[in-house]
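Everything on this sheet refers to the single structure shown next.
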Ligand code: SF4
């Protein structure tokens, strides 16, 4: 069924809140009962597994050149090159410290530099960190090594330098090409500047380019989103992520510069989301999970077809079952059933690295019930069918009795003629009408959902 034939959902549904579920439980459940010793123990245990999990490394660069008002990332606006060099030095030291805990045969299949703005790090510092990473972790030849960039900061031959450091994927923040929208979010970047950056990356031979778009921004309209999608079609990145803007000015100070009255209302927001989906599907992209789109030849689209798509802190991934190791401030590791998050303070991070300590300040250890719920929630978020009967056998429970309230809650959200999910022979799957609401559907299986509702944004 095409998006156009779906009846509008009730307004209450558009106002409901739910997490983005890049983990289960979400980071809102982390606390200080988990510390550095727990992380070390989890890593040693994972070394001892009969077949140790491959590694996915995430490096957080918290610095930005300027402040985008919509941003919810952990970042610091600075142009102080000494400060950035000192941080890069700590990242390199941390790479060495963590490698000392890992068995030499651990395989690295994914590396992601996120932020903040990783390409705001001076090139010499980025080189130092990458050389250290290659020295200690020697990523697989086929590894995905990706860099988030701000196209406004790309200088000279930098894309060629990134390629020489091993990066093979680039993610570019585009958001919306309309000048008025860009001024209201304090991120003015002419489309020509982005196009130049794409051309350089293509010329250098990057395998995959991702565009991040955002809907629900101030003054955004069908016209501005259409112009943005015209630009996407011209540039044809392999992947497009279309995130809903989360307006949380009580928690995110920069967002106080955005007047609520400039924002599209709930119905307009859904219409923007649906327009993005319609146009990308018409342009030949495949929809991936909640908010991603990929060309059919892209590895994400293949994983989606083969039902092997997974989700971690960086979003959708083709690498299932990895131990994720986070480096830098605020980063989160997930090793086996243990989550461990670093301090958000650059000074505290530096002190811990100086003392040779893992800068973990909070975390969570999953129990059996969490693992069961995680399997359901992540499958739903990846738009995969959930075999409740098989899970019942695996966890020794009656799925009908256990999840009846969740299924009833989902059924009550939409008219019977257009359900958000169907459950046939014990297999649960989201319908086309349900896809925009995957977060809400998943939240019905979240044991902590009601406690964290005040900390999450609208789910569409
Ligand atoms: S959107 Fe990116 S560049 Fe802008 S403030 Fe956030 S992290 Fe920095």
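Cβ coordinates come from backbone N, Cα and C, glycine included.
Listed features, source TrEMBL:
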BINDING   58, 115, 148, 332  S-adenosyl-L-methionine 1 binding site
BINDING   64, 68, 71  [4Fe-4S] cluster binding site
BINDING   70, 71, 72, 116, 117, 175, 187, 212, 246  S-adenosyl-L-methionine 2 binding site
DOMAIN    49-283  domain 'Radical SAM core'
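Here the features listed in TrEMBL are painted onto the structure.
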residue: 58; record: S-adenosyl-L-methionine 1 binding site; DSSP (3 states): strand
residue: 64; record: [4Fe-4S] cluster binding site; DSSP (3 states): strand
residue: 71; record: [4Fe-4S] cluster binding site; DSSP (3 states): coil
residue: 115; record: S-adenosyl-L-methionine 1 binding site; DSSP (3 states): strand
residue: 148; record: S-adenosyl-L-methionine 1 binding site; DSSP (3 states): strand
residue: 187; record: S-adenosyl-L-methionine 2 binding site; DSSP (3 states): coil
residue: 246; record: S-adenosyl-L-methionine 2 binding site; DSSP (3 states): coil
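Between the CA atoms of residue 117 (S-adenosyl-L-methionine 2 binding site) and residue 64 ([4Fe-4S] cluster binding site) there is a gap of 5 Å, rounded to the nearest whole number. In the three-state DSSP scheme, residue 332 (S-adenosyl-L-methionine 1 binding site) is classed as strand. Set side by side, the binding-site residues 64, 246 differ in how many other CB atoms lie within 10 angstroms of their CB, and the most is found at 64.
Proximity to ligand 1 (Cβ under 6 Å from any of its atoms) holds for these binding-site residues out of 64, 68, 70, 71, 115, 246: 64, 68, 71, 115. Cα of residue 71 ([4Fe-4S] cluster binding site) to Cα of residue 246 (S-adenosyl-L-methionine 2 binding site): a distance of 9 Å. Put simply, 64 is the one of the binding-site residues 64, 68, 187 whose Cα lies nearest to the Cα of residue 148 (S-adenosyl-L-methionine 1 binding site). Within 10 Å of the Cα of residue 64 ([4Fe-4S] cluster binding site), the following binding-site residues from the list 70, 72, 115, 187, 246, 332 place their own Cα: 115. Here the candidates are the binding-site residues 68, 70, 72, 187, and by Cα distance the one nearest residue 58 (S-adenosyl-L-methionine 1 binding site) turns out to be 72. Between the two most distant C-alpha atoms of the annotated S-adenosyl-L-methionine 2 binders (70, 71, 72, 116, 117, 175, 187, 212, 246) there are 19 Å. Each residue contributes its Cα atom, and for residue 72 (S-adenosyl-L-methionine 2 binding site) and residue 332 (S-adenosyl-L-methionine 1 binding site) those atoms are 16 Å apart.
In terms of Cα distance, the binding-site residues that sit within 10 Å of residue 68 ([4Fe-4S] cluster binding site) are 187, chosen from 187, 246, 332.
Here the binding-site residues are 72, 115, and the one whose Cβ sees the fewest other Cβ atoms within 10 Å is 72.
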